[in-house]
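In what follows, a single structure is set out as structure tokens and then discussed.
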Amino acid sequence: MLSTKIIRRLVFFGALFSWIGLSVIDVVILFTTKNALAVNIENFFSRAFLDSFIIFLFIYYHFQVQRYASSNFIDLLWRVFITGLLAIFVSIGLSYFLSIFEGHSFAVNPFVLNIQYHINIGVICALLISSYHVFKRLILYQKTISLLRLWNVFEYTLLASVLLNFWDLEFTEPFSLSVFFFLTVMSIILSVNMKWVAYLNFNQKLKSILLLTLSGVYLYYFINLVLVRVNLEASITLLQSNVTIIALFTFVSVYVVFSILVLLFNLPTSSVFEQKLGDVLRFKDLSQTFHSEQKDEFVFDVLLNSSMSAVLADAGWLEITEKGKELLLHYEISGSDIAAIKTNIDTSKDKKSSIFRRRKIYSLNKGAYKSVLVCPINIQGVAAGDLVLLKEVKDGFNKDMLEIIETFTAQAVISIENARLMEEAITTERYKEELKIAQKVSESLLPDRLIEHESYEITSFSQAADEVGGDYYDTFRIDDENIALVIADVSGKGTSAAFNMSQVKGVFHSLVPFGLDPIDFIVRANETLGRILEKNNFVTLSYFIVNTQEKSVRFVRAGHCPTLYYSKEEDRTFYFKNKGLGLGVIRKKEYLPFVQEIECVYQSGDIMVVYTDGITEATNPEGDEFGYDRLQHCLTRFKDLSALDIQDAIIREVYHFCDTNPLKDDYTMMVIKFK
Amino acid sequence: MLEISTKKQEGIYHIIITGEVDASSSIELDKQISMALDKGENKLLINCTGLSYISSAGLGVFMSYVEPMEAEDLKMVIYGLSPKVYNTFEILGLHQVLTIKQTEEEAKGYLNEV
């Protein structure tokens, strides 16, 4: 495929060649006629060259105008004007050049005149065809299918009309006349399409009128030159008998005249269109304020400004009361005047006390402002305030204006709501990040590994219901013989429980190195935690000291789930039901009477299971709890397994029991099997 | 779900708890009890006949009134606990510090003791 650039050039040379051909042939014909030579050159060639010249020019300008696809209307008209200026410059320049030789035979030489005439033909054709293409763009602006069809009929008929010349049909022939008549009617019908005019502002319209008027002047000049004042003797090719050229002339003239008239009549209404365009632009401003992280006040400021200029209000204010904060923006009006207008409206015949918070246009009799427009502002469905616009003239607002203001307000509110949602989303995201960190910290509060000893196996398991949990377990070697174990559950769950859990860990680690008796340990722990816990919070805890030398366990239960025990000797499982009270429950009274220390001697094969209530209170979809009996039964079943296997088996049973139910609470378990 | 209703009868302020007390609904329970104390009530009867579950946060609410009420010589009695719910009170040791009765009569009797 050839590029359009190459085609344009080829077509240009085609046009140039045709024009030269036309001129040469005409001169030759003239010469042979003058000298009565018997060389018979058909006028046919002359006509053919003219037609091909017109066609080539037509195609050339078709591409040429396409190149200016992005130019605006004024630029297009400017091109017509410049082409005309060049054409007229060439034409007048030539006439002037010949007038220098006034009286000289050169000036009346038919050959010279013939060449002048041909140059004129060239520039006129160029002017007409370029104007034709520009006007085509204008007519087809915002085209419809029917308009396009109509245009195609016109264009093809126009192009086909070159054949009339080709077959040497005179303009005056009935057929030619009817074709011309048809094209004229079409020109008039098509020239009604002036949509582009509406898109010009006042200044652009003035410019267009000027450019078109000047183009009209050129046209008149050329009509005179070519169609009226023609030296017949010097011309072989006569444009006034060419239907195509005359139809083009007609079309261009009609469109120029129509455009000028339409532009003139549209001048007074330009301001309205400019106003509407302004509305759209302001609307865009309102939508874009969202992107620029502006505060609400800025959005409201844009809203008030846009609204005022959209309806040409003389003054206005905007009042927002939200979350106890008040915002008042006002233009061209003072605070005291606002109050005056408010009372004025209240006492006007529109009675009702809740004047504001509803859209309405009021007329006032008193005061400087006679018209008032009120548009309520609702943010997230809640009435937040009003936008009030004022005009000095009576009946200055209408329904359309109210609608525009409502649209503006809605857009502003959307901007604000979006910004808030975005802010919320960001905050939520940040909280999530924080929670992730909390989760890591919370997990790190639990021990990596437990104190191991040759006389027992020990395993642990802990799972939080939320990101962070309130269960705690740990071990500590007090001395060679004594190892402390602890399991604790902080009341509540989630973040607050996790914070308290870290306190429990602190208390444990500060008390445990003293090697206190278990009972002393929890009395101290109760004292400390009673001071630092919030009034609604408590901690349940079981504290054990395993003496590997004596093979004994001493322990206390501070309100914690009873310890499950398997005795190898008796071959039975049971719960230790010693007295206990949660830490922090009693803070002033003596704690000691409420707790009881137990000591038991263990044997190889004995198993101790400590856990938190998450295990016993785990519920299945039917709402039943896992409970103490099931737990006890589990241990009975799995007693022969290793500590780790017992733990895994119990956890599996619990999960199996819960089925699809999610975790309600944190659960933790420690299994100690003595060797 | 938790429903709490209150009534005053013969100088006794009744708080009737129905449903489950979990971490979030415990706040409501706390509000009701503290409201009663703010009104100057000195005999609180907590009817837990309809209480099906209480979480540690809920126990925390009862617990938090133990010592303040003792200090001000106010009486609070809980009755009608199901065995399961009573068990949670018992494990924590709250039965040692709270007055828990089985029937309304016993509870009223306790409140009306001089």
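Quick reminder: no glycine exception, Cβ is built from N, Cα and C everywhere.
According to TrEMBL, the protein carries these features:
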TRANSMEM  A:12-32  transmembrane segment
TRANSMEM  A:44-64  transmembrane segment
TRANSMEM  A:76-97  transmembrane segment
TRANSMEM  A:117-135  transmembrane segment
TRANSMEM  A:147-167  transmembrane segment
TRANSMEM  A:179-197  transmembrane segment
TRANSMEM  A:209-232  transmembrane segment
TRANSMEM  A:244-267  transmembrane segment
DOMAIN    A:453-674  domain 'PPM-type phosphatase'
Task: Of A:12-32, A:44-64, A:147-167, A:179-197, whichever stretch has the most CB pairs under 8 A to the transmembrane segment (A:117-135) - done: A:44-64
Task: Confidence summary (mean pLDDT) of the domain 'PPM-type phosphatase' (A:453-674) - done: 92
Open item on the list: Short question: most Cβ pairs under 8 Å with the transmembrane segment (A:147-167), which of A:12-32, A:44-64, A:179-197?
Closed with: A:179-197
